[in-house]
Amino acid sequence: MKGYYIYCAFSMMLALYVYDNHSAVSLFLLIVLFIFQWLQCPRKVVIASALLSVLCVYLLAEANNHNKTVLLAESSTFTGEISSVPHSDGDKLTFKFTVQNEEVMAFYKLKTLEEKQQLEKLTIHQVCQLAGQLTSPSSARNLHAFDYQQYLYHQSIHWQLNVKRLDLAKCQLPTLTPLTYLTFIRQKGINYIQQNMSDPGAGFMQALIYGERTGIEEESIKRYQQFGLIHLLAISGLHVGLLTAMCFYLLIRIGITRERAITLLLLLLPVYMVLAGGSASVVRAVFMSMVMLISIKIQRKILLVDSISLAFMSMLLFKPYYLFDVGFQLSFAVSFALILSSQTILPRFHSSFSQLMAVSAIAQVSSLPLLLYYFYGVSLLSLPLNMVFVPLFSLVVLPLCLLILFVRIILPGVSELLEQILHVLLLACEKLLDFFEWIPADFVTGKPHILLFLGMYLCIYALFVAVEEGKFFVRYMFLLAALLAAQCMYPYLNPKGTVTMVDVGQGDCFIIELPYRKGVYMIDTGGTVSFPKEPWQKRRSSFDVGEDVLVPFLHSKGMTKVDKMIITHGDYDHAGAAQHLFSQVAVGELVLGKKAELNDVETGLVIAAQKQSVPVQIVQQGDSWQEGGVLFQVISPTGFEETSNNGSIVIDAKLGNLRWLFTGDLEKEGEQRILKDFPNLKADVLKVGHHGSKTSTSEEFVQHLNPKVALVSAGQKNRYGHPHQEILELLKSYGVYIYRTDEDGGVMYEFTKSQERFRSNFHSL
């Protein structure tokens, strides 16, 4: 079956997607692939593809059947084994914990610096007794948001364990097996680097040698991700290939025969796979290296495309859930593209520089659809920066990291000089990325439809074939550009408008997109309240509503500009994320309500807006604007309100066939004034004031407005008890249907001239 394994691999992949997603598109492609194999391939290839596809689907079905929890939510004490390297980040300790042969994700909030120093002595495989509470992992609460629950499910994890008590004295290390001993050694190596080296070198060494990125500052991770360089911080085929070549050279130099050197490498590569963390890219690279070494040893040539196809199939047969791992998909997409072009396209480029350009271009183009699908955009600087950073990391930084670790054990004094060189190199990289960060090179498209996604890959395939044959490849470049342009232009041709109540936790945020994208308006931004912490408590990565919720949501819809950012009032849970958004998306105008004096949050926003040359508009009762046939009327504030909540901007607008009333944190006194000033005011959809607290939404207000739908934005299990039961019962007594973010997640209203519907991220409404 030489050269045909790739068809088996693709058949298995499509069969898994058909079974898991019930995808009609995948089924159609699978049928087309089998017809092609029937016409063009030997019968044994068709039979092998069919049998392997059925086997893979069976294994996935079995994995799903056994992927069930045996733990009870009521349990409070747990005896089990720490099954991952414990990681401390500020005052948070995280590790996987195996109880009754089932893994849970454990979190513990460290109370003191002394306790942190003690618990940093925890090691993988220690058997401990914990006290805590099991909770279900959070699923995606907004459109296109990261689904943490699904991510853990594919690791057979069903619970988070919020640890209340953890006593190091009660933890014991059992007798280790060879495999568990290797993972124990891995943690020792990670800890050795952390304790004996300074940042940023320590974090990068942990990532490049042991596949552990948690030691790198969150800002650095995001910067490398922004420029499409994050693959450099993961152990990949290039890393494994370099290490294998270096070890082979050293073994030959010390007098070991070629055959024995290959045998030693075949024994050492699985060991390194465990030491490097065993991620999908590491497993793929090690498997391929072993296949190629075996082919040399038995003197039987194995095609590279067969090698990677066998790796792909073996990994899916071992663990079908690999297919749903983004790293797995990107790793194989790029590797397949580079291997398939290595004998046809790359030889057309003769100089080292032109080959480097070609390799970088092939890697970028082959990963483009996946990057757009999962991350909604790419940096236009990614290609030139990869041309600089790939050889720098491969030929300088990685060997230097290995040399430092080796020399530190023998000649600590010499290693300090090498560490300084590494430190300077990494700082130079950071400065270079800081410089390019100011260049507006982010290309945001939004999440492409699956048909457009497949169309891009078909176009890329045709492009590579045309380049290989030296034909008119420019037409396919234009076709790919046309597909990207279609993705970017679609919102401006789409007659559908949306109003989204974004789940920002305990806060408010509404995003209005008018039909044909005539306007994008954001009413409030939510905000993450932070409290002063001691230096040891500060975390490398902390949750931010703007960065972690709003920017991904906007980018998933291809939005890079908010025409109006309307801050109803200056409470942090309504305005806290606004400043971060100024640096991430273009803001056409900042809108604040009229008041006697701006508070600190609002003053900070005005200053931030001025720095970004964003005009600031102060509105009051009677102001209005019209866009896309929709009239937005400001019916509050007057500017003389006594409290911040009653000074909220209140907006009345007809969107679709429904009249909406956005109320901010308006309380009962403000409601009474509005009813007095606007006696004919009605609303089909009422945004319930102040998250559903008892101070808002009077019976008189509800009776007068006569809404059909009420929207409540409140955090899950918030400490204020929002929304209050009394308010919910009042709304229900008037036949109002209630949508609430704490139960429904983000809620979206979609409308055209003739159709409309509500839907949440959890179910259609």
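Indices start at 1 and increase along the chain as displayed.
Cβ atoms here come from the backbone N, Cα and C positions, even for glycine.
The feature transmembrane segment is assigned by TrEMBL to 21-39 (among others).
Residues or ranges marked as transmembrane segment in TrEMBL: 45-61 (among others).
Summarising the annotation, TrEMBL assigns transmembrane segment to 229-252 (among others). Listed as Cβ neighbours of the transmembrane segment (229-252) (distance under 8 Å, sequence separation of 6 or more from its ends, same chain) are residues 204, 207-208, 211, 213, 216, 221, 258, 260-262, 264-265, 268-269, 272, 276-277, 279, 281-282, 284-286, 288-289, 293, 327, 330-331, 335, 382, 385-386, 389-390, 393-394, 398-399, 402.
With a threshold of 8 Å between CB atoms, the same-chain residues lying at least 6 positions outside the transmembrane segment (264-291) that come near it are 179, 182-183, 185-186, 189, 209-212, 234-237, 239-241, 243-244, 247-248, 251, 256, 297, 302, 304, 307-308, 310-312, 314-315, 322, 325, 327-328, 331-332, 335. For 264-291 (among others), the entry in TrEMBL reads transmembrane segment.
What TrEMBL records for 303-322 (among others) is transmembrane segment.
The transmembrane segment annotation in TrEMBL covers 358-376 (among others). Residues of the same chain lying 6 or more positions beyond the ends of the transmembrane segment (358-376) and with a Cβ under 8 Å from any Cβ of it are 144, 225, 228, 326, 329-330, 333-334, 336-338, 341, 345-346, 348-349, 382-383, 386-387, 390, 444-448, 453, 456-457, 460, 463-464, 480, 487, 552, 555-556, 558.
Among the features that TrEMBL reports, transmembrane segment is placed at 388-411 (among others).
Taken from TrEMBL, the feature transmembrane segment covers 450-467 (among others).
The transmembrane segment annotation in TrEMBL covers 473-493 (among others).
Among the features that TrEMBL reports, domain 'Metallo-beta-lactamase' is placed at 506-716.
Each of 21-39, 388-411, 450-467 was scored by its Cβ pairs under 8 Å to the transmembrane segment (45-61), and the highest score goes to 21-39. With a cut-off of 8 Å between Cβ atoms, the residues of this chain six or more beyond the transmembrane segment (388-411) that come close are 193, 196-197, 201, 204-205, 208-209, 229, 232, 238-239, 242-243, 246, 356, 360, 418-419, 421-422, 425-426, 429, 432.
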